[in-house]
Amino acid sequence: MSAPRTLYDKIWDDHLVDSQDDGTCLLYIDRHLVHEVTSPQAFEGLRMTGRKVRAPEKTLAVVDHNVPTSPDRHLGIKNEESRIQVEALATNAAEFGVQYYSASDKRQGIVHIIGPEQGFTLPGMTIVCGDSHTSTHGAFGSLAHGIGTSEVEHVLATQTLIQKKAKNMLVRVDGQLPAGVTAKDIILAIIGEIGTAGGTGYVIEYAGEAIRALSMEGRMTICNMSIEGGARAGLIAPDETTFEYIKGKPRSPTGEALEQAIAYWKTLQTDEGAHYDRVVVLDAAALPPIVSWGSSPEDVVSVQGIVPNPDEIQDENKRTSKWRALDYMGLKPGTPMTEINIDRVFIGSCTNGRIEDLRAVAKVVEGKTVASTVDAMIVPGSGLVKEQAEAEGLDKIFKAAGFDWREPGCSMCLAMNDDRLKPGERCASTSNRNFEGRQGFKGRTHLVSPAMAAAAAIAGHFVDIREWN
């Protein structure tokens with residue numbers, strides 16, 4: 001009888017083509033997502049060696065990082081480098097027979113949002129993309145992670161990837177979330193607990209009552225930020241919530257094929273007694289709405305907390321690093337988080353740009369007005385999310401409140417398009433990274449949930465969504 005296995009072990013074993021004595025392994029890849037930034041050199045490499053894309057039907061390309069999100073984006077991209085990358089993806093997709101969603105296609109959107117909504121992402125699969133937040137797809141019980149440009153070429157050519165197996169970590173979130181606390185708060189709390197290096201060398205499986213209670217959108221938010229916790233990937237075992245989400249998607253199996261798939265997907269659970277190399281447990285009931293204060297996703301406190309004092313940190317290097325973060329962020333120790341005023345609000349990204357996120361925002365801002373000191377924008381994660389939001393009348397609520405309602409794309413999550421912060425501007429953002437310059441040169445980013453960002457836009461400063469009226 002074989003030893004009990006984790007979910008990660010099972011998916012790994014199912015895709016193992018070959019293994020060497022030094023631990024180097026060759027994995028079969030089921031799905032490959034491609035965007036305009038990390039793919040041009042990969043396609044050029046194929047061209048130079050006379051190779052083809054081995055499995056174009058398992059490859060899906062979309063523009064997201066560089067595309068403008070303004071209503072006039074049909075007029076083209078101003079930045080020459082960005083324009084060349086977008087044009088190259090269109091050319092490469094056509095030449096190599098890969099399905100491609102252009103900016104004018106309503107299916108276009110952020111790569112990690114379009115995969116699931118098209119049914120391209122399915123449980124038990126290995127999924128890669130030249131983008132670190134590929135971990136998002138792990139919400140379906142698939143092994144998904146980012147790869148480098150040379151690896152993009154390798155997968156295009158061979159449909160395989162050279163890897164070494166990571167260790168297993170379990171993060172269990174027990175109990176029920178209080179009102180006003182969301183999946184975004186869970187993952188920020190986890191990163192605050194383990195640190196940005198806490199998951200290094202691991203694949204994290206998320207489990208527990210609070211995780212099971214999440215929608216697929218919430219689970220994607222959790223897995224999306226696994227990389228910010230240092231992990232290679234994040235996984236959540238599939239269940240009825242997963243199966244219901246998948247049904248009816250354009251590329252999902254149907255009929256008898258779906259029944260057979262679900263029978264297999266139900267086996268994608270960690271066996272009782274399986275070994276984890278590390279276990280972390282959080283109590284959901286104790287979690288507050290969370291705000292980041294520094295320039296690392298581990299720099300987090302409760303919205304009712306204060307900016308911490310780095311002098312209380314024992315480690316000298318870490319103490320110096322946190323003082324630098326405070327200097328960059330323009331904050332002083334002891335400042336209550338609710339007294340921090342903001343200039344900008346960005347709601348969107350592959351972390352929080354889905355319909356559930358937009359509904360949460362609408363609930364907060366309906367009948368209210370964005371503060372006169374705040375410039376706030378909402379960027380749907382895909383054309384289909386935008387279409388759904390408008391069908392529900394959410395866009396009217398946003399516009400009436402004074403939000404800028406945009407076209408789909410990565411937008412202000414990263415300073416690679418026209419949406420960016422000016423030096424010194426402070427932003428409440430639903431994205432995943434608050435590094436120096438991430439949203440624009442000398443821009444200051446605070447990571448929060450969609451509801452918290454929405455409330456901050458109205459108040460002009462951070463507020464506790466649990467007390468919001």
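A Cβ is built for glycine as well, from the same backbone N, Cα and C atoms used for every other residue.
Since we're looking at a predicted model, the values are computed, not measured.
DSSP assigns Cys410 ([4Fe-4S] cluster binding site) to coil in the three-state reduction, outside any helix or strand. Annotated [4Fe-4S] cluster binding site per Swiss-Prot: Cys350, Cys410, Cys413, in sequence order.
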Surrounding the recorded [4Fe-4S] cluster site, with Cβ no more than 8 Å from the Cβ centroid of Cys350, Cys410, Cys413 and those residues left out, we find Asp64, His65, Ile110, His133, Gly348, Ser349, Thr351, Gly353, Gly381, Gly409, Ser411, Leu414, Ser431, Asn432
Sequence-ordered list of residues in the chain of Cys410 ([4Fe-4S] cluster binding site) that lie 6 or more positions away and have a Cβ within less than 8 Å of its Cβ, or none, is Asp64, His65, Val67, Ile110, Ser349, Cys350, Met416, Asn417
Are there any residues at least 6 positions away along the chain from Cys413 ([4Fe-4S] cluster binding site) with a Cβ closer than 8 Å to its Cβ? List them or say none. Phe346, Gly348, Ser349, Cys350, Thr351, Ser429, Ser431, Asn432, Arg433, Arg438, Gln439
Neighbour count (Cβ, 10 Å) for Cys350 ([4Fe-4S] cluster binding site): 29
